[in-house]
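Quick look at what TrEMBL annotates:
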DOMAIN    A:10-291  domain 'UvrD-like helicase ATP-binding'
BINDING   A:Ala31, A:Gly32, A:Ala33, A:Gly34, A:Thr35, A:Gly36, A:Lys37, A:Thr38  ATP binding site
DOMAIN    A:292-563  domain 'UvrD-like helicase C-terminal'
Amino acid sequence: MAAVKPDLFTGLNTEQEAAVRTVQGPVLVLAGAGTGKTRVLTTRIAHILGQGLARPWEILCVTFTNKAAREMRERTQKLVGASAEGLQNLGTFHSIAAQILRRHADLVGLKSNFTILDDDDQVRLLKGIFEQEGIDQKRYTPKSFAWQIDQWKNKGLTPDKIKGGEGAEFGGNKGIKLYQAYQDRLRILNACDFGDLLLHNLDILTKHPDILETYHRKFKYILVDEYQDTNVSQYLWLRLLTNTDRNLCCVGDDDQSIYGWRGAEVDNILKFERDYPGAKIIRLERNYRSTEHILGAAAGLIKANTARLGKTLFTDEKGGDKVQVQGLWDGAAEAQFVAEDMERLHKGTRDNDPRKWSDMAILVRASFQMRAFEERFVMLQIPYTVVGGPRFFERAEIRDAIAYLRLIQSPDDDLAFERIINVPKRGIGDATVQKLLQQARLAGVSVMTAVRDLIQTDELPARAKTPLVGFMRDFSRWLDLSKDAQASVLLDTVLTDSGYFDMQRADKTSGQTRLDNLKELGNSMAAFDDLAAFLEHVSLVMDLERDNGGDSVRLMTLHAAKGLEFPVVYLPGWEEGIFPSQRSMDEGGLKSLEEERRLAYVGITRARQEAKISFVANRQVYGRWTNQIPSRFVDELPIENVEATSQTGYQSAGWQSQQSRWDRAGYEPNYTKKAEAPAYGGDLAGVDMRRLEPKARPTPHRQPAPAKPSAKNFKLGERVFHMKFGYGLIVEIEGNKLIVNFETSGDKKVIDSFVDRA
DNA sequence: AACCGCTCGATTTTT
DNA sequence: TCGAGCGGTT
C-alpha cells in the first residue's frame, strides 16, 4: 500500500515536493517556465506553518512586485486559512525595507515619517542641485543623472564608495559631488528614494549588530521569489538577514533574467552555491504549460547562451502545433496577418474550438511596435487591451492631487509645494518660485515656512504676493479640515477650492478621463482611515487593481508578459536591431545579447499551444522606412519544431542556414554599430535575400476591404490608442469618422476606414 | 507670466 | 509619429 500523503502534497511532483520539504538550510529552486514555482513557494510556507517550525510573522517572504506578493498571500491563504493574515513579512523588497527603515530611521538621520520620493520628485530635486552647481543641463540632464544614481544604488554604492570611472565623470567629474549633494538634500527634506530604502537598511544592519541580531532571531525562514532579478543591494540585504541556520530558499530561473538593465545580476543566482556552501539545488523541469514543440523551440534558442545553469524542460503534452514563423513584407502586412489570424481562431478552426479574444496575446519588444496593431484592431473592431500602459499613479492629475495631500500631511514637503504652487495657474511664475526656493535655502527652512514669513514683509511685488496670500489662506483651512474630515472629503474640498476641478473641466482635450481618474483616486482612498497610511500605500504600491479587460486581445511588451501565459502568443518584429534591440547591444554587447535572447525565451514560453513568430522586410520606424533582416533568433530555432512560411521570398532561401550567412559575412554577434552589420542584399551571398531590395515605401501587398459605416460601434470617450504618456480618446463620431484626440498634446487624428466584420 | 512654434530624439520599467 | 523642452513673442 502506498504511503498516504498529507493533503498538502497531493498533486505535487517529486521535485516540487522535495523543494517544499527541504526546509532546513539553503535551497535554490531552479524553476523553469511553467513548472509551478508559486505553488512550491506557497506550499512551502504552509508546510513550515503546519509543522509548527515558525509562526507566521517569523517567515520573511520577498517578491519584486505587489502583484506577486498579493498572489502569494491569496494562495497561501487558501492553504492555511486565517493564519495567513499573520504573514506580516510577506511583501516586496521595498515595502519590507521601508517597514524596517521606519523603525530605525533615526540611525541614518531621518525621522520615521520620512517621505518616499517618486522619480518626478527625484528629477526636480536634481534640477535644483544642477542649477546650484552650475551644471550645463543640455549636456547633462537631471534625468540621466537620476538614472545614474539608481544604478549606483542598485549596486549598493553610496557616494563614498564610488571610484573613478563608474559614472563619477558625470557633469565634468562632478558625479560624486552631485550624488553627495543629492543625498544631503534628501536628508534635509526628510525623504528618501526607492534605492535608499534598501541602502539605508544595509547601513543600519551593518553598523548595528544588536539590531541585526533581533532580525536574525525574528526571521527564522526566508523565501525569495524571482531570485534571478535581485540586484546587488537586495543580494547584500538578504545575506545580512540570513542567520546562522541559513534557512534561505531562493526560487528563480536564470533563463528568465530580463532586468539586467535595471541592476539585476544574473550572477547572484549563478553563484548561489558558492555563497551558501552545502546548498541544495532542486530543478523543476516538468512543465505544465506548453506543448512539446513550444518547449523545443524555446530550448533550442536558449542553448545559444553561455552563462546558464542549465535545465531541460519536458512535458507530457506531446505533439501539438509547430511554432509558426512568418516572413511578411512590411509592418502593415504583419498587423493584418496577425489580426486576420486572430479572427480565424476566434471563429474556430477545424482543429480547434473558437478561441476567446483573451486567449490571444501579442508580445512586442518595445511599445512603439504596438501602434500598428492598435490601428488594425480599431479598423477591424477587435477588442484589445494594452497591458502595462501608463500607470495610474503616474498620471499628471493624480500626481497633482497627491502633491496637495502630501503638502497637507507634511508642509515641509518642498517638492510637493513646487509641484502644485502654480497648478492651477495662480499667476505665480517660475521667477517667483525660484525666489521662494532660494529664500528658503538661505534661511535653512522649508519653502512653506519661508512663504509664511515672506508674505508678512513687503519683499515681494504685489503681483506675486496676492496669490500667495490667497493660497496660504486656503491651505490653512485645508490643514484644519484634515484634522477631522475623512481623507476623501478632504481631497474633494482641496480640488474644488483650489480650482483644480475647474481647470480640468475647462480642458477640452482630455474629455472626462482626468476627472474620472480623480474620482477613482477618491474611491481608492476610502479604504484608508488615515492620510499617512494612504500616502504610504501610494508611494510603495504604485498600482491600482485594474479591471482585467474582459474578453479582449492582450497587447503588451515582452517584459510585461513575464509570469503570464496564453493559449496563443504572437511574437512580431523579430528583426535584427529591433529584437534583439540595437540599442541594448550597443550598450551591453554580448551580455545584453544574451539577455535579449532570454527575453525571446520568455516570449515563446508564454504560449500554451500556439506561438507565432513574424518578421518583415520593410518597416516604418518613427515614420522612416527601414530595411529589416530577420533576427538571428529566428535562425536559432530548431528546424524540427518550426513551420516556416513567407511572403517575402526569404523562406525559400532556407531560414535555418542563416547562421552560416552571418558567419560568411563576418557578422559578429557583438557588433557595436548598425553600420557594421551587413546590409540586405549587400555582403550577403544568399541569392534569395536579394529579392528584398532595399526600397522606399513598398506597395501594400493587400488592400483593406472597402470601408463600410461602422464607426457607430464605438463609444464617445473610449480609449483607442495608448501613447507613452496618455491615451487617445474618441471625442467625436461623425458618420463613419472617428475623431481621436491625443490627451497630452491635444492633437487630432481622424480614423475613417473600417472593415465590417458582420 | 503665459503661450506658440520649432527642433530633436526615441528600449525594456518596478518600487 | 508624438511629445518634451527651449527660445522667442505677446
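Any Cβ shown, glycine's included, is placed from N, Cα and C.
These figures come from a predicted structure and were not determined experimentally.
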Under 8 Å by Cβ from A:Ala31 (ATP binding site), same chain, sequence gap 6 or more: A:Lys37, A:Val40, A:Val251, A:Gly252, A:Asp253, A:Leu284
Neighbour-count leader, CB within 10 A, binding-site residues: A:Ala33, A:Thr38: A:Ala33
A:Ala31, A:Gly32, A:Ala33, A:Gly34, A:Thr35, A:Gly36, A:Lys37, A:Thr38 excluded, remaining Cβ within 8 Å of their centroid (ATP): A:Asp253, A:Leu284, A:Asn287, A:Tyr288
Candidate with the highest Cβ count within 10 Å, taken from the binding-site residues A:Gly32, A:Gly34, A:Gly36: A:Gly32
Binding-site residues (A:Thr35, A:Lys37), the one with most neighbouring Cβ atoms at 10 Å: A:Thr35
For the domain 'UvrD-like helicase C-terminal' (A:292-563), the mean pLDDT of the predicted model: 87
Where A:Lys37 (ATP binding site) sits in the secondary structure, as DSSP reduces it to three classes: helix
